[in-house]
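Written below as structure tokens is the structure these notes are about.
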Amino acid sequence: MIRFSLGIFLSVLIYFDVMYAYPYLFACSSLCSLCLYFLGPLKPEITITYIAVSAIFFNSGLSLKTEELTSALMHVKLHLFVQIFTLVFFPTAIWLFLQLLSITPINEWLLKGLQTVGCMPPPVSSAVILTKAVGGNEAAAIFNSAFGSFLLGSSSSVPFTSIFSQLFMTVVVPLIIGQIVRRYIKDWLERKKPPFGAISSCVLLMIIYTTFCDTFANPNIDLDKFSLIIIVFIIFSVQMSFMFLTFLFSTRNNSSFTPADTVAIIFCSTHKSLTLGIPMLKIVFAGYEHLSLISVPLLIYHPAQILLGSLLVPTIKSWMVSRQKVRIAGFDL
């Protein structure tokens with residue numbers, strides 16, 4: 001019953017965001033929710049972690065021009081901004097904030113979990129999908145999502161070979177295959193213009209659904225309502241504050257970032273990886289009886305970042321389009 005209710009809730013949420021632009025998503029998202037409910041467990045540790053993520057980057061490989069990917073690799077300033085914000089500023093700011101929260105009655109293990117969230121790398125899927133949905137610099141989002149996960153994952157307690165092989169097989173290989181296939185069907189793609197954005201949105205719906213199911217399926221979490229409500233409020237506040245900060249920093253007159261770059265920066269700098277985060281927590285806090293409580297902030301942060309990002313897509317897209325028009329008008333003068 002919980003799964004079915006969550007499926008309906010998430011489907012309705014997605015409908016409001018994308019149904020106007022992609023009417024056929026109504027059928028796709030409904031089918032996803034019904035299949036997930038009636039067909040039982042679909043092994044999300046395989047279908048989502050590997051197949052869905054691979055589909056996202058194969059889709060990106062098909063839709064992106066090779067020169068766009070090459071150009072993104074050379075955008076060093078953008079990469080430095082994202083990685084420094086994600087791996088230095090974010091955890092430092094959270095640590096300072098938690099010094100204030102430590103005197104409150106909030107569960108101390110939830111606060112420790114919130115600190116670990118700040119140290120997590122960016123995800124390899126949600127930031128890319130949302131950047132693509134807005135029309136931002138998707139190539140830059142792909143690079144920073146994969147590089148951030150690889151960089152922090154290789155320096156953590158998680159086995160290096162496991163991190164490298166998973167990222168290589170789910171990100172690099174599908175992206176390369178997509179680029180190769182694009183070379184052979186380039187004319188057909190330009191003529192038919194497949195709905196790449198809609199495909200990514202369907203995959204995103206599946207990721208949201210399975211994440212919520214995993215979040216509420218743990219019977220071992222003993223959490224008081226006050227702490228839970230406060231943590232949810234803090235997480236949404238942190239996300240919105242950091243998204244606003246990255247927006248301000250990347251839109252300064254001397255930043256040299258384009259509106260499309262800003263979109264990638266907003267999502268890549270503020271999103272955190274659940275796929276890499278949970279294994280890291282299980283290794284770092286192995287044997288801790290409060291591991292389930294420590295995991296709660298990350299389990300909340302992941303779906304929250306996707307839901308908040310999805311709700312902000314129309315607003316950010318409108319801003320980006322308007323700024324691009326201003327830039328074009330300025331060049332014409």
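In case you wondered, yes, glycine gets a Cβ from its N, Cα and C as well.
What TrEMBL lists as transmembrane segment is 12-40, 46-64, 76-98, 163-184, 196-217, 229-250, 262-285, 291-313.
Residues of the same chain lying 6 or more positions beyond the ends of the transmembrane segment (229-250) and with a Cβ under 8 Å from any Cβ of it are 81, 85, 90, 93-94, 97, 101, 104, 106, 110, 114, 117, 257, 261-262, 265-266, 269-270, 296-297, 300-301, 304-305, 308, 312.
Away from its own ends, the transmembrane segment (76-98) comes close to residues 111, 114-115, 117-119, 121-122, 137, 140, 143-144, 147-148, 151-152, 238, 242, 246, 249-250, 256-257, 261, 264-265, 268-270 of its chain (Cβ-Cβ under 8 Å, at least six residues beyond either end). Within its own chain, the transmembrane segment (46-64) is flanked in space by residues 124-125, 128-129, 132, 138-139, 142, 166, 169-171, 173-182, 189, 194, 196, 199-200, 203, 206-207, 210, 275, which lie at least six positions past its ends and keep a Cβ under 8 Å from the stretch.
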